[in-house]
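What TrEMBL annotates here:
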{"type": "DOMAIN", "residues": "42-275", "note": "domain 'Aminoglycoside phosphotransferase'"}
{"type": "DOMAIN", "residues": "496-554", "note": "domain 'Acyl-CoA dehydrogenase/oxidase N-terminal'"}
{"type": "DOMAIN", "residues": "558-659", "note": "domain 'Acyl-CoA oxidase/dehydrogenase middle'"}
{"type": "DOMAIN", "residues": "671-819", "note": "domain 'Acyl-CoA dehydrogenase/oxidase C-terminal'"}
Amino acid sequence: MATRTAEMVDRLRPAYGLDEDALLRYARDNVPGFPLGPVKLTVSQFGHGQSNPTFLLQVNSGVSVQRYVLRKKPAGHLLESAHAIEREFQVLEALGLHTQVPIPKVFSLCTDVSVIGTAFYIMEFLDGRLFTDPKLPGLTSGQRRNIYNETAKALASIHKVDPDAIGLKKYGRRDNYCKRQVERWAKQYLASTEDGKPYRNPKMLELIDWLRQHIPLQDSSKSVGTGLVHGDFRIDNLVFHPTEDRVIGILDWELSTLGNQMCDVAYTCLPYIMEMKYGDEVSYEGFEMTGIPEGIPSQAEFLTEYCIATGKPWPAAEWKFYIAFSMFRGASIMAGIYRRWIMGNASGGQRAQYGEKLANAFIDFAWGFINLKSVLPDQPPSLARDYSNKFQGENGDLKVASGRFLPSSQVLELRQKLLKFMKDHIYPMETEFSKRAHSNMRWTVHPEEENLKELAKREGLWNLWLPLDSAARARELLFDRVDFDSQGKWNNRLLGAGLSNLEYGYLCEVMGHSLSAPQVFNCGAPDTGNMEVLLRYGTKEQQQEWLIPLLEGKIRSGFAMTEPKVASSDATNIECSITRERDSYVINGTKWWTSGAMDPRCRLLIVMGKTDFNAPLHRQQSMILVDIKTPGVHIKRPLLVFGFDDAPHGHAEVSFENVRVPVTNILLGEGRGFEIAQGRLGPGRLHHCMRTIGAAERAMQLMVRRALSRKVFGKLIAEQGSFLSNLAECRIELERTRLLVLEAADQLDRLGNKKARGIIAMAKVAAPNMALKVIDIAMQVHGAAGLSSDTVLAHLYAVARTLRIADGPDEVHLGTIAKLELRRAKL
């Protein structure tokens with residue numbers, strides 16, 4: 001069974017007393033959010049873990065309770081290079097700021113030994129489950145498999161980190177890691193066993209010689225298979241969510257460095273080979289010999305899961321070395337623990353007294369493993385998942401097979417998380433959101449929407465739309481700002497997951513199943529298009545003022561181009577004027593269908609108008625940033641779409657009467673409006689197509705569910721010949737449209753907006769027309785209910801029909817396609 005982290009503490013042992021007054025003074029001055037008033041501090045000690053003493057700090061302030069974790073060096077004489085608290089803090093801080101590796105947030109490092117006697121750091125307390133028995137007793141077989149799969153993914157998340165990109169380039173040497181580690185732990189074993197306390201085992205000295213002679217050839221490389229190494233990665237150093245089978249924290253980074261990552265993998269696999277028990281008896285057989293508990297994958301399956309997630313080659317050839325090395329290192333660590341127990345400063349409590357026995361068990365079993373004839377199959381076992389879609393490249397790395405549009409393991413994992421989030425949180429709230437949207441509070445935001453946004457951030461499902469190249473420009477412009485970086489605002493959640501447009505397509509489709517979903521993940525229009533404009537064309541100052549709060553989801557925005565008095569499908573017709581007057585621009589005109597302007601969170605409008613009515617036709621227009629609270633901006637009325645006002649988002653008619661904004665609000669410069677629009681139209685408009693695929697899939701699901709539950713003329717609707725024909729045609733239309741949209745996304749990634757404009761135009765025409773057909777049949781199957789607000793179908797239909805105009809009229813896209821076809825014919 002799992003143990004909650006809060007239950008793994010004991011009373012503070014006398015040898016580890018802390019100066020609580022000094023600690024309180026330090027925490028108030030250095031830990032953000034630490035209570036400043038009178039508090040009651042309770043300090044207890046974690047018994048789990050035997051290296052650096054670790055404490056739970058419970059701070060009671062009035063009715064509120066806050067908990068922190070303090071981790072410190074042991075007191076007294078320490079072995080050289082051991083107990084590197086400063087390195088632990090360094091790696092945790094870097095991972096927390098720049099990656100999605102699940103780790104506790106660190107707050108402050110104190111190297112002033114006068115505070116509590118040794119260096120220490122304070123970090124976040126993670127309330128979750130910790131499994132100390134790798135057999136996972138008390139869990140179902142499905143839970144066991146989930147726990148092990150998540151363990152493999154957590155290890156992979158560390159190994160996929162680029163140390164150079166997060167400031168850990170000098171965290172260690174990458175080359176000759178195993179060679180140096182053998183010498184390091186050999187030296188530590190000799191130091192721990194000097195004077196015969198504990199006993200120095202001669203078999204250990206023979207093991208050291210064997211390891212020196214069998215260092216893997218790739219160990220000398222600075223790149224192949226090297227990177228960030230945890231050093232002590234095992235299941236009981238992982239904190240799992242209290243109710244979900246996912247890792248929320250990886251603990252104990254004392255041994256982390258740069259080097260050969262397969263050493264981490266082998267150490268994680270030790271329970272398959274050898275079982276450690278604290279007591280008089282030590283089992284020499286892991287559960288791969290005694291019988292794997294139901295649900296736990298085999299060692300080969302676990303390794304396959306890891307290799308899929310990281311793209312690393314199958315390690316069969318060097319597996320004996322890596323396992324033997326892990327046991328050798330374990331023996332050295334246990335000897336050190338026992339040495340500290342003899343000296344009276346072991347932090348693991350009474351378990352430390354068994355260190356000598358465990359050290360010798362490690363040594364014996366290392367030799368037993370070395371003498372085995374075979375330890376791994378030559379090839380990885382085939383899994384039902386996507387390993388069959390991989391093959392060994394010439395350099396030994398795993399490569400994606402040549403099939404078109406094959407989603408990566410990262411995308412598949414994000415998609416599964418999205419589907420679960422939709423099921424658990426979005427669909428159950430749709431009725432509540434709809435009720436509020438039809439009440440007298442419809443122009444206010446449902447508080448649960450903001451709660452779901454925070455949950456989406458924590459799940460790593462935030463800003464998934466953001467293209468990698470746009471994120472790179474934001475980093476380049478903004479990351480030299482120490483104030484933003486030091487406040488912890490910038491991390492991979494705000495700048496997306498580094499996905500291509502094609503990869504995002506699989507996720508955007510899932511969001512399209514619900515009209516409520518895109519905003520929850522900060523992936524809704526027009527914000528994504530407006531953020532794309534700021535990312536691609538905004539200055540550093542414009543990004544700081546507007547992009548940051550948009551990325552954080554603190555504000556919303558609108559895009560004001562269409563005008564009521566002209567045919568705005570031809571943007572050269574627009575009449576809104578943007579006139580330069582000294583250090584200001586003055587804006588006059590009327591816009592409508594400005595989606596988002598009704599939202600109470602809307603703060604920014606991107607307005608397209610004319611700065612020079614006499615310039616060449618496509619150089620007259622400019623885009624400018626307008627704070628919606630600027631005097632002269634008037635939200636005149638919401639506009640209805642087939643009777644829907646889409647509250648609280650809304651589509652507004654907006655007038656601009658002598659609206660004065662600074663000249664610095666112009667985007668890219670005067671006359672560059674069309675250039676910006678073309679850059680904005682690629683990804684943003686394709687997102688509509690992706691979501692429309694999802695809407696059609698939702699309609700298919702509702703249609704089939706209805707057909708299987710309702711009878712007409714003595715038979716289920718699903719048994720009627722006309723329905724079967726319609727259903728089949730819907731599936732055909734949907735699948736070929738999905739392929740067209742994926743092809744458009746792929747060309748957008750490879751060729752850019754301009755060269756992909758033809759296929760994007762095709763997608764814009766095909767997707768809403770397909771969706772209208774599918775949703776119409778779904779409505780027909782539902783009868784009168786399909787036309788009502790009792791189902792989501794009518795609203796989905798209205799949105800799909802709107803896209804044939806709002807996303808540019810079909811006629812414009814068809815003209816683009818035809819012109820390109822004629823141009824090709826003339827070549």
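Each residue, glycine too, has its Cβ placed from N, Cα and C.
Mapped onto DSSP classes, the domain 'Acyl-CoA dehydrogenase/oxidase N-terminal' (496-554) shows 39 helix, 0 strand, 20 coil. Taking DSSP states H, G and I as helix and E and B as strand, the domain 'Acyl-CoA oxidase/dehydrogenase middle' (558-659) has 6 helix, 53 strand, 43 coil.
Mapped onto DSSP classes, the domain 'Acyl-CoA dehydrogenase/oxidase C-terminal' (671-819) shows 124 helix, 4 strand, 21 coil. Along the domain 'Acyl-CoA oxidase/dehydrogenase middle' (558-659), the predicted structure has mean pLDDT 94.
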